[in-house]
Structure formats: structure tokens, C-alpha cells
Amino acid sequence: MLVLFLLGTVFLLCPYWGELHDPIKATEIMCYECKKYHLGLCYGVMTSCSLKHKQSCAVENFYILTRKGQSMYHYSKLSCMTSCEDINFLGFTKRVELICCDHSNYCNLPEGV
């Protein structure tokens with residue numbers, strides 16, 4: 001009887017039996033990482049990264065500029081980036097759009113691309 005009481009007490013006091021939980025890790029934001037992402041597919045290996053101090057999830061959308069000056073979507077790069085800011089870079093042959101987010105897990109998946 002005493003053994004059952006002790007076992008019950010151990011199971012009540014140790015709800016995460018065999019696992020160590022860090023309360024900070026439970027609130028980490030996760031992001032996708034892919035060097036070349038296009039139309040819902042990662043050409044390579046899709047991995048995850050967790051945000052560290054001053055980091056955000058980032059999507060870099062690469063566009064090719066046509067002779068008429070229009071942008072044609074080419075591919076995206078997904079990553080965790082330090083000191084990330086939303087910005088557009090415009091060159092003679094390409095445009096790069098950088099979009100940053102840190103509001104939810106895996107928020108850096110491009111929509112409508």
C-alpha cells in the first residue's frame with residue numbers, strides 16, 4: 001500500500017517524466033530555412049531555425065526585371081535574420097524584396113507566390 005502511495009505521489013509531482021522543460025524554450029518562435037523556395041517547394045533541404053536575440057523570420061523574394069521595367073517573380077530565400085527590416089533593393093537586372101516577421105511560428109512562408 002505504501003509503495004502504491006509513493007508511486008502515485010511521484011507521478012503527480014513529475015508530470016513531465018523523463019523530460020526537462022525550459023519555460024523560455026516553450027515560447028520560442030520557429031522559422032523556415034530554405035536557400036531556394038519556389039511555388040510551395042524547397043529546392044534543397046527545408047529546415048527550421050529558432051529566433052535568437054534581435055532576430056526575425058525573413059523572406060527574401062527575388063524578382064527579375066523585364067525590359068519594360070516589370071518585375072517577374074523568380075524565387076524566395078527563407079531564413080532567420082539579425083536586425084531585419086522590411087526593404088526593397090532595386091538593381092539594373094533584379095529586385096529583392098525583404099519581408100521580416102516575428103509574430104508567430106513559421107510566419108516566413110510566402111503567400112501567393
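In case you wondered, yes, glycine gets a Cβ from its N, Cα and C as well.
According to Swiss-Prot, the cysteine that forms a disulfide bond with Cys42, out of Cys34, Cys49, is Cys34. Note: Swiss-Prot links Cys57 through a disulfide bond to Cys31 (candidates: Cys31, Cys84). Rounded to a whole number, the distance between the Cα atoms of Cys84 (disulfide bond) and Cys31 (disulfide bond) is 14 Å. Using a 10 Å Cβ-Cβ cutoff, Cys49 (disulfide bond) registers 17 neighbours.
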